[in-house]
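Asker: If you scroll down you'll find the structure; I have some questions about it.
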There are 6 protein chains.
Amino acid sequence: MRIDGRKQDELRHIKIETNYIKHPEGSVLISVGDTKVICSASIEDRVPPFMRGEGKGWITAEYSMLPRATEQRTMREATKGKVTGRTMEIQRLIGRALRSVVSLEDLGEKTIWIDCDVIQADGGTRTASITGAFVAMVLALGKLLEKGSIKKLPIKDYLAATSVGIVDEIGVVLDLNYEEDSKANVDMNVIMTGKGQFVELQGTGEEATFSYAELNELLAVAEQGIQDLIQKQKEALGELAQHIE
Amino acid sequence: MRIDGRKQDELRHIKIETNYIKHPEGSVLISVGDTKVICSASIEDRVPPFMRGEGKGWITAEYSMLPRATEQRTMREATKGKVTGRTMEIQRLIGRALRSVVSLEDLGEKTIWIDCDVIQADGGTRTASITGAFVAMVLALGKLLEKGSIKKLPIKDYLAATSVGIVDEIGVVLDLNYEEDSKANVDMNVIMTGKGQFVELQGTGEEATFSYAELNELLAVAEQGIQDLIQKQKEALGELAQHIE
Amino acid sequence: MRIDGRKQDELRHIKIETNYIKHPEGSVLISVGDTKVICSASIEDRVPPFMRGEGKGWITAEYSMLPRATEQRTMREATKGKVTGRTMEIQRLIGRALRSVVSLEDLGEKTIWIDCDVIQADGGTRTASITGAFVAMVLALGKLLEKGSIKKLPIKDYLAATSVGIVDEIGVVLDLNYEEDSKANVDMNVIMTGKGQFVELQGTGEEATFSYAELNELLAVAEQGIQDLIQKQKEALGELAQHIE
Amino acid sequence: MRIDGRKQDELRHIKIETNYIKHPEGSVLISVGDTKVICSASIEDRVPPFMRGEGKGWITAEYSMLPRATEQRTMREATKGKVTGRTMEIQRLIGRALRSVVSLEDLGEKTIWIDCDVIQADGGTRTASITGAFVAMVLALGKLLEKGSIKKLPIKDYLAATSVGIVDEIGVVLDLNYEEDSKANVDMNVIMTGKGQFVELQGTGEEATFSYAELNELLAVAEQGIQDLIQKQKEALGELAQHIE
Amino acid sequence: MRIDGRKQDELRHIKIETNYIKHPEGSVLISVGDTKVICSASIEDRVPPFMRGEGKGWITAEYSMLPRATEQRTMREATKGKVTGRTMEIQRLIGRALRSVVSLEDLGEKTIWIDCDVIQADGGTRTASITGAFVAMVLALGKLLEKGSIKKLPIKDYLAATSVGIVDEIGVVLDLNYEEDSKANVDMNVIMTGKGQFVELQGTGEEATFSYAELNELLAVAEQGIQDLIQKQKEALGELAQHIE
Amino acid sequence: MRIDGRKQDELRHIKIETNYIKHPEGSVLISVGDTKVICSASIEDRVPPFMRGEGKGWITAEYSMLPRATEQRTMREATKGKVTGRTMEIQRLIGRALRSVVSLEDLGEKTIWIDCDVIQADGGTRTASITGAFVAMVLALGKLLEKGSIKKLPIKDYLAATSVGIVDEIGVVLDLNYEEDSKANVDMNVIMTGKGQFVELQGTGEEATFSYAELNELLAVAEQGIQDLIQKQKEALGELAQHIE
């Protein structure tokens, strides 16, 4: 039995509030249980210097946590004067994941800036960020579509992420909260598309290892969770969902 | 007539949601019109090195804006690797203001960390931060009182802040939004206590100046606005308000 | 009776040595009692990127203290690798104050760099910096006038600054030295023009507050001090003073 | 047919020169084709502050490339003043991987510092670093054993890493060189133990995705490659290999 | 004939004003022609961590230039966020030179902080800094002697520095000003003691070279200049000079 | 008798392996006893901004040590976030020295980047870097010659460097290893050309001084050592040596 009473393959309660803040072209507040992330998507009409003149767009992501998103106050990275390795890893992961389902050619020479700011953390902040950021990005692209700046959504497929892990005495579990995550022997983040293709797979056993059989079990549970998350994304997008094949 | 139809001495709509996030000892989401700030107060059981052994507490504040709190995306200070002068000024101001109404002796050797994170900005973010941070701080101290760590709230008086300014063709106005602020000739932040004493007064006319008569007019309008804000703080604090004389 | 025998509304001894160093277009060594600041003004024939093409000039200021300007040696900001919040606040204040009395349109696309370097500190370094920087700036503009690069001084009025405060057992005092400043309950910096208009007002009571009546008393004393300082500026400028209405 | 004539499941030429530099407790120069990395292991007789008093050891890793390890000169991170996100990701990965096969309790309160410095890069620098670092670490621990500071090697199993990927017109390939890597649709780093357990799995398709069937094919090829690498490690370790079960 | 009419082996006008600023234990304003440096010496009653418990003192130096010490304004190192290589070289040189004539054992566990701040630069700022810093340091030690904290000056000999160079059409010249320095083929800084021993010799020909014969000529001229500088130091020290053998 | 049995005027064993790494235009591994440095030279087809349009080339150098090049592990400068003063001094020295023997006009608007990375340190790393970097630079220029980008080697003379010092009970010694260096009273780095001209002379006696007579003795020994080093350079360059007069 899991700490919060969930079944092994059960997601936490998911809520995606769209247009949560007024300035960005697209924004959501995504809640995955007690994990809450403001995701916003900003469109800029140019690309970084290394991509100019190629006729393609770019997507870049930043991630941060409020100091008291966590149980113990975390020092601000701005105060430290540098971004930690963990943050950089997450930022790179979010950007890479989103780029895998966007046709950068169809986007044209624009940059989509994704900002994921965790206001409350209870495990799974990077996967919630990806799931929420996908919706914010589609909302922002929807604005471009409405204004006629693009002719169709440059989106190739849905994209969502979740975590799976192996916890002593329970086994494989889906969508770990903070307490489960800190006890898990194996922790795996899975990012998949609506068609069930892998985009990214990151499995690690900090002081443990895992077998081929366990890997298969983890992936099966993850796949189901991701399909449920994509269903929530479709509901949040409403009419816009029809523009994604 | 003001842009948003308000009277010259009218505040924007004020809303203070208490216990907005779950981890901090005290937290609020304060909305002053479209300006929204998450204020949290964290209690640490020790003081900074320069104050150890004096038997007194300390209050320190940090302030930040999400990149898309603003109309144009602002680069993160963590990415820049340093905190801007504007942020430092605001952080110092918030800390100084809160310390003026707390008996640091009664607090004892504890540090209160205040975090003000602007999630949506429409002018007056520093004054909203102070008004909200006061409530978050009292909530956190209320927790200490409940646990019996302190015998009474070490609060000497209420504290709130607002802005006043002089706008062409309108004159003195209270609680400027972003559009008014960018057009104002004179901009003044006023921080006052419940008893109507000044805590801090910062008036500036970037490319203008102001007379003694104008100063008096500005202060009269500010004082009324602050009393209204303090009324909202009392409502938000509920029962706890009784512990502040 | 004040520590150094001055009357409550008496300035310290003021001395302004013009053209103190040879390279800058304008420079002074200003002494306000034992506080000594080298102020220099440099003219650059372009404006920062964000202002290009607007036909207007810009004024920016930097402030620093030699490590042993203070009683205890202060670590260099260059060694720390960053500018402190206090320094940034002062730099922004000096720039803002000077811009309020200069017609940036008449200046044209030029930048005036102000450098205020405190070589000996005894309280009031920021107000001495402003008073001295005004003179250095006019001297530099005088050079432009002489060379025919500008047709008249783009100066709208005189500008000077001083501090006032409230000290226990004495009351309101003008131009606080370091010892008075560290004991004062209320500390206010006032920046005014030759015509008696306020440019900036910054009053604070770190762990105290002040009433409306006290504010009025502080401002009256400040105004008189500022008029005396402007008299000293006129003497230092000599002939050039005739070019300022 | 692969660019360099290898079969799809064939590693590049592997060479591990032990005790390559004289100061570290353990060091190797590992060559994987044209990728060359100096790996050194240093033993420090204490652990980082966050681990003191727990009776356990710690392993931490740093990674860098000489500026001309790459075809185009790369700017030094020391010159930039900060470590890039890519480097941080790799450093964290190496440390995490090594910790998974070491009994930190048996190590006792010691820190093993791993330094991986790439002197020539041709793809696969992070996996070569892990494979080489394992040998350097065992050599360093061997010194401790010899001196009697530890009673047995605190090593639970062998550890090696390689990359697999999917390249157009060829399919799944093992141990990609730089040219293959830059063309691959899918790139996966696999870290495994001598007993064939997974330690870390990182698969990504930057602008592509991969199916479950492809994942299985990739893992099969990786596993064989890793067993070959572990054979090379055993040869390099010579007598010391007998101390690892 | 030299630009300013001096003979080849003639120093510029030297002036050493003692106790130039009031807070440091020792301070001078040294003028070498138009080069002006404020040198101060601060005594701290402890040594850096790496020297504790050895019963010896330490001397460390910092050097900086005001932004408009130079003809073109130089950006502040504090603004850049880092100290340049040139500054570091000079700081290390000043500290090393002073330590060579102080008995660190006789000084005891104290640190002497030397600050050299160039307020006007016209070539030779590092050598003027050393010559001035020696006097400031002796003044500070004189204070300790007066207070009885030390029994005798821990000074082994006088120390001064100057530059020599080779300029086209003139040959070897002493004490180069900025214009000469920028034209010189060879530039050499010489630091010597009162007894004529070398402390440091740094000769360089950026895009030129020099012969053994030229080296000898340069050293002869430098030696005479240094003896003249030491005479000026003795005059500046007055009575204190008697305490140095 | 010296620690390692050498005669006072005897160099350590010198070995220069050319084309040590494959990507740079020129590279060597130079060994001077146990000091080993990888020197690489990269050619870039443009000059830094401050030199554009002058038709001249530029040479710039960077220097670093692997963390375990030294007996105790040294923290990486990238991790510290800044380059130390010692490194900056060495980088400036290497660049300046190489520029003295290259005709920057004949080179044309190109930059030569020199990278010296010490993989094992035993004293004399900066002089070994210069001696090795000269060879790497000539190799890189040889590539340009071969491709016809330049018509002749823009090299005016050979260049090598060594250290000399004075050690108690032994006297003047050539090419100090680490142990000798840490005991030496006087330490001097000498950089000379093939024709026996001085390029740079840096002599220092940290807590000692040296006489004119000692200087002469040091220089005589250095000169002989440098001629031997240049002989090794010629052998390493092979055919290319004929292109240097």
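Placement of Cβ uses the backbone N, Cα and C atoms for every residue, glycine included.
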Asker: Could you look at B:R76, B:R86 and say which one TrEMBL places alongside B:G124, B:T125, B:R126 in the phosphate site?
Answerer: B:R86
Asker: Could you break down the residues of the domain 'Exoribonuclease phosphorolytic' (B:157-224) into DSSP helix, strand and coil, giving a count for each?
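Answerer: Going by DSSP assignments, the domain 'Exoribonuclease phosphorolytic' (B:157-224) contains 19 helix, 29 strand, 20 coil.
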Asker: By the count of other Cβ atoms within 10 Å, pick out the sparsest of the binding-site residues B:R86, B:R126.
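Answerer: Selected from the binding-site residues B:R86, B:R126 on minimum Cβ neighbours within 10 Å: B:R86.
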Asker: Whole number in angstrom, please: the longest C-alpha to C-alpha distance across B:R86, B:G124, B:T125, B:R126 for phosphate.
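Answerer: It comes out at 13 Å between the most distant Cα atoms.
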Asker: By a simple count, how many Cβ atoms lie within 10 Å of the Cβ of B:T125 (phosphate binding site), its own Cβ left out?
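Answerer: There are 21 such Cβ atoms around B:T125 (phosphate binding site).
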Asker: Report the DSSP secondary-structure composition of the domain 'Exoribonuclease phosphorolytic' (B:10-140) as helix, strand and coil residue counts.
Answerer: 45 helix, 41 strand, 45 coil
Asker: Neighbourhood of the phosphate site (B:R86, B:G124, B:T125, B:R126): other residues with Cβ within 8 Å of the Cβ centroid, in order?
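Answerer: Other same-chain residues with Cβ inside the cutoff are B:Y63, B:I90, B:V118, B:A121, B:G123, B:T127, B:A128, B:S129.
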Asker: Summarise the model confidence on the domain 'Exoribonuclease phosphorolytic' (B:10-140) as a single mean pLDDT, whole number.
Answerer: 96
Asker: Quick one: give me the count of other CB atoms within 10 A of the CB of B:G124 (phosphate binding site).
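Answerer: For B:G124 (phosphate binding site), the count of other Cβ atoms within 10 Å is 25.
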